[in-house]
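Notes to accompany the following structure.
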Amino acid sequence: MIFAALYALLPLLDVCSHAEETVHASSPHHLDCVRASEQCQKEQACSTKYRTMRQCVAGGKESNFSMVAGLEAMDECRSAMDALKQSPLYNCRCKRGMKKEKNCLRIYWGMYQTLQGNDFLEDSPYEAVNSRLSDIFRLAPILGEPAMTRENNCLNAAKACNLNDTCKKYRSAYISPCTSRVSSAEVCNKRKCHKALRQFFDKVPPKHSYGMLFCSCPPSDQSACSERRRQTIVPVCSYDEKQKPNCLELQASCKTNYICRSRLADFFANCQPEPRSLSGCLKENYADCLLAYSGLIGTILTPNYLRTPKISVSPFCDCSSSGNNKDECDKFTEFFAENTCLRNAIQAFGNGTDVGVWQPMPPPQTTPPITTPQQKNRERGSPNAIDNSLNVDNSIYHFCGSLQRSPINVLLLDPSQKT
C-alpha cells in the first residue's frame, strides 16, 4: 500500500523539483568581478575609466580620492564612476571559495566603495547560491535521529564525515595544522589553521560539514553532545586567544582583509533578524544564513558556540574598553549571541525543515520601508530578486512545501527509513 502511494507521488515530486529549479533559474546572474574586469580591460573606453577609478580610490582604502586632489581631478573621478555604472563591472559578484576569490573581492570592494561612498551599509559581495542547498534540511533528519531521541547526532555526523572521502580529506587537512604545536609559546599556526578551516567549509558538501557544525543535541545529553559540536573547529587554535580583544577593534581589523570583510557583510545581509517574521529572518531563508555563518569560520572573526543552555555563538571578543562606543559594541555582539534568525536556522537544520525554501516572501511591514537611492540601484540587479512575471501557480509551492516535509518523502529519499 505504501509503495503504491509512493509510486503515485513520484510525478508530483518531479513537478516540485522542476518548480524549485525554475525559481532558481530565474534569479539574475551577475558576472564575477574577475571576468568583468577582464572584459573591461579589452575595451579601451572602459579600461581607461577603470584605471582612473583605481587611482581615485587607491587599493580600496577608506578615503576617496586618495591619489588625486583638486576639483578638476574630483570631476574626472565622478565621470569615471558614472561611465563604469554602464560597464560589466557594475553589480559584479564573487563566488565563495572560487580560485581567485581574494582578487575578485578586491575588485568588488574597489568598485563598491567608489560608487557607493563610505556612508553605506555594506551589501554581500557574493553571488546568490542557485544550487538546491535546501536539500540539507531534508537530509538532516536522515543523517541523524531527531533531537528528541537519545542519539548523539554530533558523534554520528563525525562518523559520517569519515565515511565520505571529500569530508575526511578536508577534515584531516585542518585537524593537522590546528592541533600541531609550533613552539612552547604557540599552540598552533593559527593562519594555516584558519585557511584549512575555510577550505573545509567551502569544499565539503553541506550535508557533511553542516552535520558536524549544526548537529542537534537531545535534552538528555546536552553537555557531551554540545561540547563535541563546539570542538568541531578546534577552538584551542582557531578561536581562543590569551586575552580577549575589543569586538569593535576586531571588527575594524576584519574590514582590512578582503575575505573577512566580505564574509562579515554576507553574514549581516543573510542572518538579519526580523521579529515580525515567522522564521525570525528578514530574508526568510535559513540555508543562506547557515552558509553565511559558516563562511566566517577561518577568519579573525571566527565565531563559536558559547557554553550556555541555549544555542548562542560569539567571536572571541568582548566590549570592555569600548568607551563611548559601548552601545555600538553591544549591538555587534548581540547580532551573534542573541540572533534569533541564526538560532532558528540551526534548530531548523536539526529538525530537517526550512520555512523559507518553498515560500520566499518579504517580511511583514507595518510601515512603508525607507529606500535609499543606493538601495534602489542595488535592487535592480539584486541576486535575491524574484521575477514576478513568472507564470507559475503559487499554490504548487504550498503543496511542495508540505510534501517535502512529509514522512513519505523521507521514504523516497531512503527506503530503509520507517514511519
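Each position is counted from 1, following the chain as shown.
Backbone N, Cα and C atoms are what each Cβ position is placed from, and that goes for glycine too.
Caution: TrEMBL annotation is automatic and unverified by curators.
Residues or ranges marked as compositional bias 'Pro residues' by TrEMBL: 360-371.
Long-range Cβ contacts of Cys40 (disulfide bond) within its own chain (separation 6+, distance under 8 Å): Cys46, Ser47, Tyr50, Ser87, Pro88, Leu89. What TrEMBL records for Cys40-Cys46 (among others) is disulfide bond.
The Cβ of Cys154 (disulfide bond) has 25 other Cβ atoms within 10 Å, all protein chains considered. The disulfide bond feature in TrEMBL is assigned to Cys154-Cys215 (among others).
Positions annotated as disulfide bond by TrEMBL: Cys161-Cys167 (among others). Just so you know, the Cβ of Cys167 (disulfide bond) picks up 23 other Cβ atoms within 10 Å once every protein chain is counted.
With a 10 A radius on its CB, Cys178 (disulfide bond) counts 22 other CB atoms from all the protein chains. TrEMBL lists Cys178-Cys193 (among others) with the feature disulfide bond.
Here TrEMBL flags Cys188-Cys237 (among others) as disulfide bond. Just so you know, the Cβ of Cys188 (disulfide bond) picks up 18 other Cβ atoms within 10 Å once every protein chain is counted.
Residue density at Cys217 (disulfide bond): 21 other Cβ atoms are found within 10 A of its Cβ, drawing on all protein chains shown. The disulfide bond annotation in TrEMBL covers Cys217-Cys225 (among others).
A 10 Å cutoff on Cβ-Cβ distances gives Cys317 (disulfide bond) a total of 22 other Cβ atoms nearby, all chains included. According to TrEMBL, the feature disulfide bond maps to Cys247-Cys317 (among others).
TrEMBL lists Cys254-Cys260 (among others) with the feature disulfide bond.
The disulfide bond feature in TrEMBL is assigned to Cys271-Cys289 (among others).
Annotation source TrEMBL lists disulfide bond at Cys281-Cys341 (among others). Listed in sequence order, Cys271, Gln272, Pro273, Glu274, Ser279, Gly280, Cys281, Leu282, Cys289 are the same-chain residues at least 6 apart in sequence whose CB falls under 8 Å from the CB of Cys341 (disulfide bond).
Residues or ranges marked as disulfide bond in TrEMBL: Cys319-Cys329 (among others). Packing around Cys319 (disulfide bond) is summarised by its Cβ count: 18 other Cβ atoms lie within 10 angstroms of its Cβ, all protein chains included.
For 33-116 (among others), the entry in TrEMBL reads domain 'GDNF/GAS1'.
Here TrEMBL flags 154-237 (among others) as domain 'GDNF/GAS1'.
Positions annotated as domain 'GDNF/GAS1' by TrEMBL: 247-341 (among others).
For 358-387, the entry in TrEMBL reads region 'Disordered'.
A C-beta separation below 8 Å, combined with a sequence spacing of at least six in one chain, links Cys225 (disulfide bond) to Asn152, Asn153, Cys154, Leu155, Cys215, Cys217, Pro218. Each of the disulfide-bonded residues Cys193, Cys254 was scored by how many other Cβ atoms lie within 10 Å of its Cβ, and the smallest score goes to Cys254. When the C-alpha distances from Cys260 (disulfide bond) to the disulfide-bonded residues Cys161, Cys188, Cys237, Cys317, Cys329 are tabulated, the minimum falls on Cys317. With all protein chains in the displayed structure included, the most crowded Cβ environment within 10 Å among the disulfide-bonded residues Cys46, Cys215, Cys247, Cys260, Cys289 is that of Cys289.
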